[in-house]
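Visitor: Under the heading domain 'Enolpyruvate transferase', TrEMBL lists 31-427. Residues or ranges marked as phosphoenolpyruvate binding site in TrEMBL: Lys44, Asn45. Per TrEMBL, UDP-N-acetyl-alpha-D-glucosamine binding site is recorded for Arg114, Arg143, Pro144, Val145, Asp146, Leu147, Asp331, Val353. Annotation comment: TrEMBL describes Cys138 as 2-(S-cysteinyl)pyruvic acid O-phosphothioketal. Per TrEMBL, the feature active site, proton donor maps to Cys138.
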Amino acid sequence: MEGSLINPSSGLTDVKTSLEADSSVLQIWGGHSLQGHVEISGAKNSALVIMAGALLCSGDCHIRNVPKLADVKKMGQVLSALGVRLEQNGDTLDIDAREITTSKAPYELVTQLRASFFAIGPILARLGVAQMPLPGGCAIGARPVDLHVRGLQAMGAEVQIEHGICNAYVPGSGGRLQGAKIYLDSPSVGATETLMMAATLADGETILENAAREPEVVDLANFCIAMGAKIEGAGTSTITIQGVLKLHSVDYSIIPDRIEAGTFLIAGAITRSEFILSPVIPDHLTPVIAKLREMGVRIVEDGHNCLRILKTEKLLPADIETLPHPGFPTDMQAPFMSLLAMADGDSLINESVFENRLRHASELNRLGADIRVKRNTAFVRGVQMLSGAPVLGTDLRASAALVVAGLAAEGKTTVQGLQFLDRGYDRMDLKLQQLGAKILRVTQVEADAEYGLSLLPSEASIS
Ligand code: UD1
């Protein structure tokens, strides 16, 4: 197949399938069990940061297993705007960042995609100067970038934030960052990634303490190591990086998405289904599988990188506290709430990573769930049945939670807010269809027309 060249206006051209989301909704007729096999895509959070990491490379980056996502498309547009050449072929992406023509990232894109801010590390490392718009607030919390900034300052960068732009430059030393010992107040995934990337080309040794241990941090480290970076300790709280002068061409495959896999496991549990998921790295799902087993869900390994979920008889309640890896992932909290809403008993969910990430509770209640929220805690009283209704996803994982709830709800659920779902799930509706779910993407206008009709009295009732 011919590859497609990317330019700043077009972005990744081959990411169209089911992504024209702004005016579409998902209609789900719940109560059907799923079966067969679902293929898990490459990890969103790895893909985004590895694309940023390609800015470090003075050669060609051939990246495989790239998921088809709206966020990946946007990240491609950010790179294009920096003068980088991208070519996409199926799920592989070639990035040539030999030339970075500007140190200034486009405001309108970075403000839409937090992960693009992480490119400040590689841009600064390559050019000695970077101008990055602040990523801005977000539906799930304030999400500041102070840890990124303080780390770069410790490495010798002058950083000033003015008019919503983070201006950074490296004075002296030929514009090269200096290795440093950096303690992160909290194990931020993004800050760990920004600073690890910056340190690969810095002068001397950088030690990141209290670093994030997420599998995507390890994936980024492995990608950088494959380009010739010297990194040790990724996946532990202390990462040591010896700076090198240049990074070289690489051929690299992204890990499977543990959050997508976890969401499909919940889809299986909530519909009492049996099916197979692959590829997955079971170790990346340890906290998720442990919690599902506590709830009475049976999951077995079925060959290499392959999981089978078995039919669940009874869903037991469970308490959840979100934590940095290897604790329970905040990105799985919303889909789990849907499952706990149907458990046989009461559960508690404490969201401790983000301050405003329980907004899906009220939409789940619209489907008949019984959930009360107080600050960052949700009290979930299990109900026997959910009933379909129109609902609105308020962020990426909230939208996924509503889709899985809709799979179990009696009657028709209409999920709006697909622009969020499509940011992070690679054709979720099509994958569910292949598993046998009754799910359809229609335009908002079509959905409104149907609801309008269903509100009319039926012929039989007109006397
Ligand atoms: C990444 C993931 C996101 C996931 C999150 C936590 C990507 C693209 N996104 O987001 O899916 O939910 O990790 O696992 O990889 N914080 C600060 N100052 C900072 C940075 C973070 O206070 O400079 C706070 C945040 O507001 C938040 C907490 O630290 O409360 C965790 O955020 P962080 O780990 O940085 O998340 P992201 O990297 O943004």
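From the backbone N, Cα and C atoms, a Cβ is placed for every residue, glycine too.
Heads up, TrEMBL stuff is auto-annotated, nobody curated it.
So that I understand the layout, could you describe where these features sit and how close they are to other parts?
Guide: Taken as a whole, the domain 'Enolpyruvate transferase' (31-427) shows an average pLDDT of 96 in this prediction.
Around Lys44 (phosphoenolpyruvate binding site), a 10 Å sphere centred on its CB holds 26 further CB atoms from the protein chains shown. Lys44 (phosphoenolpyruvate binding site) carries a helical DSSP state (H, G or I).
All protein chains included, Arg114 (UDP-N-acetyl-alpha-D-glucosamine binding site) registers 18 other Cβ atoms within 10 Å of its own Cβ.
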Visitor: What's the number of neighbouring CB atoms sitting within 10 A of the CB on Val145 (UDP-N-acetyl-alpha-D-glucosamine binding site)?
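Guide: Other Cβ atoms within 10 Å of Val145 (UDP-N-acetyl-alpha-D-glucosamine binding site): 21.
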Visitor: I want to check the contact list for Val353 (UDP-N-acetyl-alpha-D-glucosamine binding site): same chain, sequence separation of six or more, C-beta distance under 8 angstroms. What comes out?
Guide: Thr322, Leu323, Pro324, Thr330
Visitor: Across the listed UDP-N-acetyl-alpha-D-glucosamine-binding residues, Arg114, Arg143, Pro144, Val145, Asp146, Leu147, Asp331, Val353, what is the farthest Cα to Cα distance, given in whole Å?
Guide: 22
